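Feature annotation from TrEMBL assigns active site, proton donor to 252. The feature active site, proton acceptor is assigned by TrEMBL to 386. Positions annotated as Mg(2+) binding site by TrEMBL: 287, 336, 361. Here TrEMBL flags 47-176 as domain 'Enolase N-terminal'. Residues or ranges marked as domain 'Enolase C-terminal TIM barrel' in TrEMBL: 184-474.
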């Protein structure tokens, strides 16, 4: 084939002419670089390869990382992991060989990406997120993504989303907003973990964590400053009262002082807020994780105490009374999982009081069917969104739409096993969630999310809107 025949076959003469004309109009000082870039943009992006590997999450446990290649670049994503998988959520695929990473290796999930998912997606346009996610769901063929693994599918889904944003030459949050049909981006109120308790800490505080929400900030960067300052004042309070050993932190950066009751934890958090001078500008949240200490129909608030008094074995009605008292004594604005995941009746009764935001985590597991029941029963008024409980970006967008149609709040959440991937920061902004829970303003894998929100706010400039006092819809 002659050069002219080659040019004619691929219509290169016209494309080169268009690129040269564009360079002339732009009066570019480097026409070769301009023409090269122009020609590259003229070629539609397609997925050329998907390569996965096993890496470690923030707990030192294996998880999945993916490099998705297009003809315009490489896009990387890694997935978080929870402590356990509920019966209503998508299933992580782990090897189960106790001789390797205590059974937690993910080489099967990695192999599924490299041998099955890659083959199915090569040649697809990365901007068509719905088709990409559906192709993986169809390939898996199970309700909970147990064949390929939700960890495998989600890693590829996030990587494809990043590639789609790059192809459109827009920020990731803008691309996700386009996919969801939203037009306005909102910087979320961060719920910083400051005290860690529950089954994963060494103290006797029964609830999982206490958080602070800087709803009175005017911008996200101010909210981050308020959270960080309060966190460090709390460290000083703890050192004074419990010694420096009390300043050790849990998996998500919250302090784990030797406290035994919820009130004791709330008191020191309130004191730290007072020292900052922010007072009414910071609200308090609690993640009770009541399923962890529910025995039958009772709740054992001394389940971690070596010397049980027997006085803290409470009924659902007792728990409601306790929450009422706490909400009247402290600036509590949000309570997550105040009851067992199957205790619909007491969840409904407490939510009807309207004392605070009632967040469903174990109650919902980001599952649309569970959400529909909770909406019908008015058992909560806020979704805790954990994307790995669903398994694809598309499905995460859909459950947020479902929550917002019910006028619920939405908290985009991290997991106890995190990576330095900041995807959920862009997701929270794009979907206008209003709230994000990414741990303490401490530990690299946690602040990666908060630092990305700083960058997004800077990029939005005068168009940046912080959720602030409008952090959740009226319920």
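Glycine too: its Cβ is placed from the backbone N, Cα and C atoms.
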Would you list, in sequence order, the residues of this chain other than 287, 336, 361 that have their CB within 8 A of the centroid of the site's CB atoms, where the site is the one recorded for Mg(2+)?
208, 286, 288, 289, 335, 337, 359, 362, 384
Any same-chain residues 6+ apart from residue 386 (active site, proton acceptor) with CB under 8 Å of its CB? Would you list them in sequence order, or say none?
82, 89, 361, 365, 366, 413, 415
Just to be sure I understand the packing, how many Cβ atoms besides its own are within 10 Å of the Cβ of residue 336 (Mg(2+) binding site)?
28
For the domain 'Enolase C-terminal TIM barrel' (184-474), report the average pLDDT of the model, please.
94
Using DSSP, how many residues of the domain 'Enolase N-terminal' (47-176) fall into helix, strand and coil, respectively?
54 helix, 26 strand, 50 coil
Are there any residues in the same chain, six or more apart in sequence, whose C-beta is under 8 angstroms from the C-beta of residue 287 (Mg(2+) binding site), and if so which?
198, 207, 208, 209, 210, 211, 336, 337, 359, 361
